[in-house]
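Peer 1: Sharing a structure, written as structure tokens. Questions coming.
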């Protein structure tokens, strides 16, 4: 089942970048992101009631979910703000720097080993990020470079959130994700209130469909899958999604959004993908805990004592 969940997560996250770009044509960034997570949170509350899942009696057990929601809100606020200025495919490619930050934070906080392979992969990947920044230096006035910086910072914040959940999670998955969604919504809407008060909203059916897709699939479903997998895989291995989703996002951006794919972006993307592959692919041959088991008759992972979290 983990293989199916992993594939679904990649497909959903690969398409959300295009949906965000469409949605930004209708709503301001922080309000849009906050509303997305708020709706997702309400959907998950309904799912909890249907599944007869309750929050833990001790609210301190939910503290990791509150922290994850806070960091997730910051991360997605930066993503929505940054994607106003850059194409959806480029946003996804820059977000692929996430595994490099995961290596640092996982080593610092949960003791995952930093190997020469991971260092080498990170250097190659960051070279790709720097190349994309260099390509944008001539467009400082357009805000493009600031948008790119926002996306890379968002990746770092999200990597920290993933490590925090891996280290401390001990709650039923559905309850944990619900708290995460509602916390992120609160953070984003509190920012939107003073920053975007009076901003224009351009309602379109296209924007509404994108918003619903982001809320239901991009948030409620995807983050449940993420929380389910984070307990069964190494943090750096789960960040392997950052190798797959940018390829999907770039393809959709070029084919559907008619976004430009220039030489700098192609070379930068190749470097980032290569770095991510170096970090993760070798682990697929060493341990089934690092990447999803793709065999049809594989045994399910043992539920950890903390399980019933995400």
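Backbone N, Cα and C atoms are what each Cβ position is placed from, and that goes for glycine too.
What you see is a predicted model, and the numbers here were worked out from it, not measured in a lab.
For 4-133, 146-280, the entry in TrEMBL reads domain 'EamA'. If you look up TrEMBL, you'll see 28-50, 62-82, 88-110, 119-137, 143-161, 173-193, 205-226, 238-257, 263-281 marked as transmembrane segment. Positions annotated as region 'Disordered' by TrEMBL: 291-310. The compositional bias 'Basic and acidic residues' feature in TrEMBL is assigned to 299-310.
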Peer 1: Please indicate, using numbers and ranges, the residues of the same chain that are 6 or more beyond the transmembrane segment (238-257) and have a C-beta under 8 Å from a C-beta there.
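Peer 2: Sequence-remote neighbours of the transmembrane segment (238-257) are 6, 9-11, 13-18, 21, 87-89, 91-93, 95-99, 102, 155, 159, 162, 226, 229-230, 269, 272-273, 276-277, 280, 291.
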Peer 1: How does the model score the domain 'EamA' (146-280) in terms of mean pLDDT?
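Peer 2: Mean pLDDT, the domain 'EamA' (146-280): 86.
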Peer 1: DSSP-wise, what's the residue breakdown of the domain 'EamA' (146-280) into helix, strand and coil?
Peer 2: 109 helix, 0 strand, 26 coil
Peer 1: Between the transmembrane segment (62-82) and the transmembrane segment (143-161), are there three or more C-beta pairs closer than 8 Å, counting only pairs 6 or more apart along the chain?
Peer 2: yes
Peer 1: Would you confirm whether the transmembrane segment (88-110) and the transmembrane segment (28-50) meet the contact rule of 3 or more C-beta pairs below 8 angstroms, pairs 6 or more apart in sequence?
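Peer 2: When sequence-distant Cβ pairs are counted, the transmembrane segment (28-50) does not touch the transmembrane segment (88-110), since fewer than 3 lie under 8 Å.
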Peer 1: Could you tell me what the rest of the chain brings near the transmembrane segment (205-226), counting residues at least six beyond its ends with Cβ under 8 Å?
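Peer 2: Contacts of the transmembrane segment (205-226) (Cβ under 8 Å, skipping residues fewer than 6 from its ends): 5-6, 8-9, 12-13, 15-16, 19-20, 22-23, 25-27, 32, 35-37, 39-40, 43-44, 47, 173-174, 177, 180-181, 238, 310.
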Peer 1: For the transmembrane segment (28-50), which stretch among 119-137, 143-161, 173-193 has the most Cβ pairs under 8 A?
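Peer 2: Maximum Cβ contact count belongs to 173-193.
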Peer 1: Please report, as numbers and ranges, the same-chain residues at least 6 past the borders of the transmembrane segment (143-161) whose CB is under 8 Å from any CB of it.
Peer 2: 67-68, 71-72, 74-76, 78-79, 81-86, 90-91, 94-99, 101-102, 104-105, 129, 132-133, 136-137, 235, 239, 242
